[in-house]
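Student: Got a structure here, written out as structure tokens. Questions coming.
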Amino acid sequence: MMFLSLLVFSPLLGIVLLMFVRKTDARMIQWLGTAATVPPLILALFAFIQSGRGFRLERLDEAQDWVRLTDLPFLTDAAYVIRYELGIDGLSLVFIVLTAVLATLAALASMLVKTEKKGYFLWLLALEIGMLGVFAAANFVWFFLFLEVTLVAMFFLVGKWGGFERERAAYSYLLYNGLGSALLLVVIAVLIARTGTANFALLHEMLHNPVAQGQWIAPLTGEGRRWLLGGLLLAFAVKLPAVPLHRWLIRVHVEAPPPVVMLHAGVLLKIAAYGMIRFGVGLFPDEFRAFAGAIAVFGVINVLYGALLALRQRELKRVLAYSSVSHMGVVLIGLGALNEAGIQGAVFQSVAHGLISALSFSLVGVLAHRIGTTDINRLGGLAKAMPLFSGYLLTAALALLGLPGLAGFVGEFTSFLGLFQTKPALAAVGALGLILAAAYSLKAVLDITFGRDRKEAVMGSRPAAGEIEAHRAAVDLRGKEAAPAFILVALIVAVGVYPQLLAAPLAAVVETMMNGLGG
Amino acid sequence: MNDVWQSDWGMMAPEWIVLAAAIVLLAIDLALPSDRSRRPLAWGAAASAVLAMIATAAMIPAEPASILHDTFRLDAFAKAFKLILLAGGALALLLVAEWAPKEGSPHRGEFAYMMLFALLGAMMTASSGDLLALFVSIELLSVSSYILAGLRKTAPSSNEAALKYVINGGIATAIMLFGMSYVFGLTGTTNLGDIARRLQESNETYMLALAFLLLLIGVSFKLATVPFHMWAPDVYEGAPVPATAFFAVVSKTAGFVLLLRLLVTVFAAAPSEGREPSSLLLSMQPVITILAGLTMIIGSVVALRQRSLKRLLAYSSIAHAGYLLAGFAAMSWAMIDSLWMYLLVYTLMNIGAFAIIAHIVNETGSDDLDGLAGLYRHRPLLAAALGLFLLSLAGIPGTAGFIAKLYIFIGLVVTEPGHYVLAAVMAITTVISYVYYFNLIVQLFFRPTFTAPLRRLPAGLSTAVVLCALGTLAIGWAPGLAYDVLAQFGHFGDFLP
């Protein structure tokens, strides 16, 4: 069965069809581009529902011979064969569903993009293929391949359709993430060279029962493994991003078009979390223990640093950017706890933050489009003219601060629960970040929705030409704009109220990992 | 003397084809009235290279053999690298067919056959089993290249390029010859196989080490690796674009052929001093490692500052020589395999890029980066193709460049101890290279146009671009295509005589 290939590559159909659409036909491009994100969504939801009914995901595994690097006589037949392999488990499925949902919503929100829409959708669909592929890949080479597709796609999306300093942001993204990728590639090359395979399952096996392939291939020593894990963690720390490697994230959040940030904050940052869990804990469980303390410390630093800086920002996008830094710290905290609650919390937090940041940026997109600014000093009292919008924005803020009953709470609660079990003092310090989160998110949102009246706010700070008119013309969300926000709020509530939705598919994966960690 | 005439000359078929074509084209060029176009000559030359490629491919299953007292060897190594050289030569000749410099050039027939002579020299290098044959063949390549560099006779920059090339090349030749004389003096023979056998008992380690360094310096000039890379940017900039493409691809491949033939066969056998006896080649590994690292760093860092497309590609080719040298420095079982793979891929992506840049330089008359601005708007397919080649040069997955780079990476870390520092340098310089390759991509796709729309791509260039793009994509997505060919050569087990 080719189910997974179909799932990953189905947006390709949209790319091909888009090639034949005239550049000027914006309506058709928007329609086709959005429609192209639907097939993977349907397939992903189908797989999700089926697995909930007890369908075994391993049955979806695909493998095809791709390349045989060498056939030296002293090697076994399977050594140095890299295959095209896709395969998913509960963990990847959760992220694939997240990707598919956010891709469709981002495509919907892209109606606010006006320039060169055709190229924009081509790259957006390419980005989706890359993201889906990353989670569906069952071997390291293909994981890397799809990861780099997202790198190139993001470079174009940020550099061409971004804000004023878009090219700088695009280069920043390219270089930081390129360095992360290069480091990852070295780790992958060492793993392939020393074990002869890139397949996750086989690697897992080989790392536990190393097989000597002859004198030409050196085995992996304990020290070598620690270096590999260190490289892996550093590579993903850049992509997560962990402070102090976070500068690129701020630029991308501020400069990229909002629908792209929905995907960037919603999915791309989670690839790092996924990588740390799948490869860090999954492949090197014993060595991971040595790093767990440091990871937790970095997590706490991320949480506090991000929250403190978010508190100081007067630009909504920057508030959200630093809040992303802070929230990704919670993922690190969960991982650093290295127990069942912690790992589960890391995944929960990843998904929750994906949904919440997507919601925030879909609203930011509308705001930027209507008023032309996201500067909090220039906004205020929007609740009167845009009540629906303000309601959604408030919901986003509440989700961001981790209100119980919403998705963010589950992620933060379980992550911190995990850390309190192993390192209570550290966890207590980190928990301060949650209080700060309430402060910055409510402060920013209440300033925008209530605060001073908008005319007064603008008058008080020397309005730019046309700004008052823009405020006056501010109309509430239209149906098409409200749809992504509505769906996201529904999902956030669903996960918050019924966490089992996520916990069920994850249970088996987390259990396997805990077994790997020795209980 | 008799056995010379009874030799199996058939194994030289590819060389005969190229030589015959060069002579016939030379005669036609002389006979043709001066106002007639010389373009068909280049097409003929390209066809002869393709024919020679077919002849080479047909000989792949043959057992290794040699004629002329082991001077000319036809082993897996010779066949494998001849295929790349011929492919590169044929593609470069397609560029020659459309060459139209702005100062005009009534006599450009010589471009086609001089390039064939150069190609012949490169092919002979791959087959040489003797110091003298190696020297003569590499000089045939070099001397023809000097002429190619100066073919824009009325352009000062071209004259300068030729002069620089001659002087630098001459020095390199002299140093290399000096090194060869040591080897000859120590062994009393010029045959590579005999040299290797005699050196096994040799204890003249220091003399040999000196010879090794002299030869390495000589070869470094040909490869344009640090610290003997200075000539490359000036020559690349001044020479006509098709010649530049030829130097970047065919001459570089020939340089690596020389490196492997000369240094590996001779010095792998020679013992070295020290408590644990190993080969002289292995004891020289640190030198090569340092040179590889420096080449990668200097090539990619200096490329960041270039505004001229040709100089940019020159530094990029220096950086790529560094990656290749890293593959050599690893000295793993994958060494020759990974170098072959990289050179094949490098030929495709580089000629593809040069073909498009040749057209832009022809049309706009300048080779500044800005010339690419907004190409996407009026020639989307051309811009996409150039984007593909640039991504491949940068080593982005999905293109052939990634596969080639991955193979070198694996070679670097498969040995014990692994060359982690070199692998790290390669990884970091690759990311640095993102900056200048993506700079070009930004010009292509993000910037507004301020040049007149380009004319359509002429037939020769478009053929080259299409072939290279197909190859780059095919090897990127189905690397098995190239690995299956590589598997035919049995890991070059018959490489050592």
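Cβ coordinates are placed from backbone N, Cα and C, and glycine is handled just like the others.
Features from TrEMBL:
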TRANSMEM  B:12-32  transmembrane segment
TRANSMEM  B:41-60  transmembrane segment
TRANSMEM  B:80-99  transmembrane segment
TRANSMEM  B:111-126  transmembrane segment
DOMAIN    B:128-432  domain 'NADH:quinone oxidoreductase/Mrp antiporter transmembrane'
TRANSMEM  B:132-151  transmembrane segment
TRANSMEM  B:163-185  transmembrane segment
TRANSMEM  B:245-270  transmembrane segment
TRANSMEM  B:282-305  transmembrane segment
TRANSMEM  B:312-333  transmembrane segment
TRANSMEM  B:381-414  transmembrane segment
TRANSMEM  B:420-446  transmembrane segment
TRANSMEM  B:458-478  transmembrane segment
Student: Any chance the transmembrane segment (B:41-60) and the transmembrane segment (B:111-126) are in contact, meaning at least three CB pairs closer than 8 A with a sequence separation of 6+?
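Tutor: Touching, yes - the transmembrane segment (B:41-60) and the transmembrane segment (B:111-126) meet the threshold of 3 or more Cβ pairs under 8 Å.
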Student: Counting only CB pairs under 8 A, let me know which of B:80-99, B:111-126, B:245-270, B:282-305, B:458-478 has the most with the transmembrane segment (B:420-446).
Tutor: B:282-305
Student: Within the same chain, where does the transmembrane segment (B:282-305) have neighbours whose Cβ lies under 8 angstroms from its own Cβ atoms, ignoring anything closer than 6 residues to its ends? I mean 6 or more beyond.
Tutor: 209, 212-213, 216, 220, 225-227, 229, 267, 272-274, 312, 315-323, 325-326, 328-329, 331, 419, 421-422, 425-426, 429-430, 432-433, 435-436
Student: Could you check if the transmembrane segment (B:245-270) is in contact with the transmembrane segment (B:458-478), meaning 3+ Cβ pairs under 8 Å among residue pairs at least 6 apart in sequence?
Tutor: no
Student: Any chance you could find the range in B:80-99, B:312-333, B:381-414 with the most Cβ pairs under 8 Å to the transmembrane segment (B:111-126)?
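Tutor: Ranked by Cβ pairs under 8 Å, first place goes to B:80-99.
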